Amino acid sequence: KPSEPTMTGKTQTSNVTNKNDPKSINSRVFIGNLNTAIVKKGDIEAIFAKYGKIVGCSVHKGYAFVQYMSERHARAAVAGENARIIAGQPL
C-alpha cells in the first residue's frame, strides 16, 4: 500500500525491502557494519538518496537494506559508499 505523505510533503519510504520480485533483488543494497545505535533510517536515506529514488529502507541491528527503483542506482550507491566511515565504522 502506498505510504501517506508526511506534513512536510515528502512521502515516506516503505520499510519493506524483502520483496520476492526477482528483479527487485538487483536494485537492493545491503549495508553492513552499520552502527545502528547511532545511525537511524532517516540518516541512511539522506546518505543514499543522492544515488536515486529510494522506494524502501529497512534498518536492523548492525545492518540495513536500501531498495532503489533501479539496479543502476543500487550499483552507483555501492560504488560510492563502500568503505565510507559512518559513526566510526566503515560500511
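Each Cβ is built from the backbone N, Cα and C atoms, and glycine gets one as well.
Remember, predicted model here, so these are calculated numbers, not experimental data.
Feature annotations, courtesy of TrEMBL:
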- 27-91: domain 'RRM' (DOMAIN)
- 1-22: region 'Disordered' (REGION)
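Over the domain 'RRM' (27-91), the average per-residue pLDDT in this prediction is 96. In terms of DSSP secondary structure, the domain 'RRM' (27-91) contains 22 helix, 21 strand, 22 coil.
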